[in-house]
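Database features, via Swiss-Prot:
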{"type": "BINDING", "residues": "171, 174, 231, 234", "note": "Zn(2+) 1 binding site"}
{"type": "BINDING", "residues": "188, 191, 215, 218", "note": "Zn(2+) 2 binding site"}
{"type": "COMPBIAS", "residues": "418-435", "note": "compositional bias 'Low complexity'"}
{"type": "LIPID", "residues": "456", "note": "S-farnesyl cysteine"}
{"type": "MOD_RES", "residues": "456", "note": "cysteine methyl ester"}
{"type": "REGION", "residues": "405-459", "note": "region 'Disordered'"}
{"type": "REPEAT", "residues": "171-178", "note": "repeat 'CXXCXGXG motif'"}
{"type": "REPEAT", "residues": "188-195", "note": "repeat 'CXXCXGXG motif'"}
{"type": "REPEAT", "residues": "215-222", "note": "repeat 'CXXCXGXG motif'"}
{"type": "REPEAT", "residues": "231-238", "note": "repeat 'CXXCXGXG motif'"}
{"type": "ZN_FING", "residues": "158-243", "note": "zinc finger"}
């Protein structure tokens, strides 16, 4: 059983797919989304897709990386030090560009899966072991990936954001040549001009990962300059570290994990366009609302009388408005019940509409009642059911309160521990300590999956 399926889904294959099925899926999708084939309005989206499928194929085509991904998922890959290679380098290696003549080009159409793509004389495709095959020219500078935490209020209202990034910039002293003298470069002896070397890294018991990194001798250029000939400013690296302020708009309705691409704002390299800056948005938790797709879930605590006799209350929205909510008399609300308000949820990106504001009710019962109160209630509320067997045929037992604030344990693990282990019902005492969590019930409003919807229907 694999931990997650995202990489498989990017390529449209199943987790038990064969190596040939992986290659076929990557070949078809890489050609479809290659930047050279997508120059129209959807260029940015196609380029992001191209990078996603390349990252997925790089991992799944390597048996060691695939084994690690299946066991630990993408987070485990990150923790092991994995960084995706250039999508263009992977594409070039796969289709044989730079490996021994031939190459590839994009035509104007074609009726097959490859849409006019010409493979030419590619030679052998080979495996992913060495990424060799001679010097591969960069298509552009390196991309810079950045994760950014944004509040739910900002994702609701939208926000213009400015950040400072560190990036490589072409050295102005040597104009990116790495030397102040012409014609002094030679092929790097360490990487043989390929710009990359591979290092083995132990990431777990009996697990060795082969990590591709930029050559430490030539700093990923594929060329070597004698020490005495190197530019004094960049030390022969052709680029220096610089800072750049970038600005972008977080659109209303942006979701957790969504990526924003700032084209041409990434690292520079001589003779090629700059790379991109890719911002991944992470949603910070909110104390009042929980997001469920396009819906917002708000927990409202009601006293027992209000849940029966009706009530009015205020909800402060994420854009500083106030909603006067009228709960009509006769609409009896039970513990765990939900109601919703149309068009008061999260903005739906690209539209003027919003999702639903779902109100999940947590009913507050009185902590104690007098005999007089009980007598009055017994005249109004339905009578309790009488057991159908004789008391003399049963063992008579009483009830004791469970205290969730203590660490007392019985020989069977303690009532509180058992309650928390098995989930329990949403009892009043547990709610006071932890609060009602309605996240599992959002599916019926369009925010969750089939399992969540089934749970909601069973309430």
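Backbone N, Cα and C define each Cβ position, glycine as well.
All features noted in Swiss-Prot, drawn onto the structure.
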residue	record	CB count, 10 Å
171	Zn(2+) 1 binding site	22
174	Zn(2+) 1 binding site	22
188	Zn(2+) 2 binding site	22
191	Zn(2+) 2 binding site	24
215	Zn(2+) 2 binding site	19
218	Zn(2+) 2 binding site	25
231	Zn(2+) 1 binding site	21
234	Zn(2+) 1 binding site	23
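Cα spacing between residue 234 (Zn(2+) 1 binding site) and residue 191 (Zn(2+) 2 binding site): 21 Å, rounded to the nearest whole number.
Listed in sequence order, the residues 172, 173, 175, 176, 177, 178, 179, 180, 230, 232, 233, 235, 236, 237, 238, 239, 240 complete the 8 Å Cβ shell around the Zn(2+) 1 site centroid, once 171, 174, 231, 234 themselves are left out. The helix, strand and coil residue counts that DSSP assigns across the repeat 'CXXCXGXG motif' (188-195) are 0 helix, 0 strand, 8 coil. Per DSSP, the secondary structure of the zinc finger (158-243) breaks down as 3 helix, 42 strand, 41 coil.
Of all the binding-site residues in the list 188, 191, 215, 218, the shortest Cα-Cα distance to residue 231 (Zn(2+) 1 binding site) is found for 218. Taking Cα separation as the measure, residue 171 (Zn(2+) 1 binding site) is nearest to 218 of the binding-site residues 188, 191, 215, 218. Calculated from their C-alpha atoms, the gap between residue 174 (Zn(2+) 1 binding site) and residue 218 (Zn(2+) 2 binding site) amounts to 16 Å.
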